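Okay, structure first, notes after.
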Amino acid sequence: MAAAATATAGTKGVVRQVIGPVLDVEFPAGKLPKILNALRIDGKNPSGQHIAITAEVQQLLGDHRVRAVAMSSTDGLVRGMEALDTGSAISVPVGEATLGRIFNVLGEPVDEQGPVTTDATAPIHRPAPKLTELETKPTVFETGIKVIDLLAPYRQGGKVGLFGGAGVGKTVLIQELINNIAKEHGGVSVFGGVGERTREGNDLYEEFKESGVINSDDLSKSKVALCFGQMNEPPGARMRVGLSALTMAEHFRDVNKQDVLLFIDNIFRFVQAGSEVSALLGRMPSAVGYQPTLGTDVGALQERITSTLEGSITSIQAVYVPADDLTDPAPATTFAHLDATTVLARALAAKGIYPAVDPLDSTSTMLQPSVVGDEHYRTARSVQATLQRYKELQDIIAILGLDELSEDDRRTVDRARKIEKFLSQPFFVAEIFTGMSGKYVKLEETIAGFNMILAGELDHLPEQAFYLVGNIDEVKAKAEKIASEAKG
């Protein structure tokens, strides 16, 4: 639904000062726009250059003036130009028409695919759902990815931090999650590109088209909407684009009653942009130069990402940690909101184990017996204990070799290597690259499979049979194939 316009809608003001992306606008007495209202400047400057800028009111200064932050470059903007109060917050298009399209912070399509065919819009600023509307019972969000579902399960309507360097498979993991939620949960996804490189956004879009997540022939069959505010854009755009993406996701949850995946890449850039805007507005900086409203800004975004009785928004947020300092106020504030962390390890990617999710570093608040049940909890902890023991033994193996280990330790190493291989699986979105059909593994099958490995029931099977397969039945079939090839 469109934002309700205030009584000041249509009031015209005059630009009195421009300082970079910040502008002061004077309005008639008694006609000041509200904070967070969008102002529209659309006209020609004295040089004849056409200027079209949307700015958001941030402060009321007195003397009939407001201070606003521009959502696009203010190049060419001069004093004396006319500014129109729209009477409402920035609004973006919502609904099925957004699928397969790329938008900027204002909800304008930037993919050269023509206008968006919808009249449905929603304001980017709105309160979080009331407590009475929330689904408070913790429910595991099944992804079909073994390592995540077993060791660091996602919460439906929860928030997950995704950590990983370049080239370890973040994008492929994101694509697989988008694919799986569409197929298994009938849900859609929204991708918010916040302050990252334009090249990365373009690459992601092309990969989405290649893997079928975006259907170029029929956009309505696409599974994702994209909303980008890249690092070359003013801080106002980077600060608000996360809210634009979230607003699109909320429509799918509240109106279509769907389960939605919201990706934010990168949540740190959202905080960084808020810090820049805060300094431009003349606020006193807080610790490490961040804005004094850091906790409020992050909370305003995170509290809207939740499960309601109608549907859910599960958020996966890439987290950049400046200088690897986890105590920095930006990541530290973000961590307080996360339910799970998925850590991608370069060492696993180097071994060819995909997804390269670190089974020992990844965590989840859902992994407790009261939520996932005793069997799941025991299996996950036994898998982690086996892998931890293998990690401890690796130095001994490197120096003395396997033969110097005790019988028990040799058995542990053998099972740990099978577990490590079994934590890999082929992805649907990678079929075109690997030639292997993707696998979605149900949680019960995952637990049963790892229990069999831990119990020693599969000690006789070769290690290679566990690599890049779905469930245990496929392991047995692959082992038979390996045996027959060896004979032949």
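Each residue, glycine too, has its Cβ placed from N, Cα and C.
Around the Cβ of G165 (ATP binding site), 10 further Cβ atoms fall within 10 Å across all displayed protein chains. According to Swiss-Prot, the ATP binding site annotation covers G164, G165, A166, G167, V168, G169, K170, T171, on the basis of sequence analysis.
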What does DSSP assign G169 (ATP binding site), in three states?
coil
I need the neighbours of the ATP site defined by G164, G165, A166, G167, V168, G169, K170, T171. Which other residues of that chain put their C-beta within 8 angstroms of the C-beta centroid, in sequence order?
L344, A349, A356
Let me know the most crowded of the binding-site residues, choosing from A166, V168 and counting other Cβ atoms within 10 Å.
V168
Would you identify the secondary structure of G164 (ATP binding site) according to DSSP, in three states?
coil
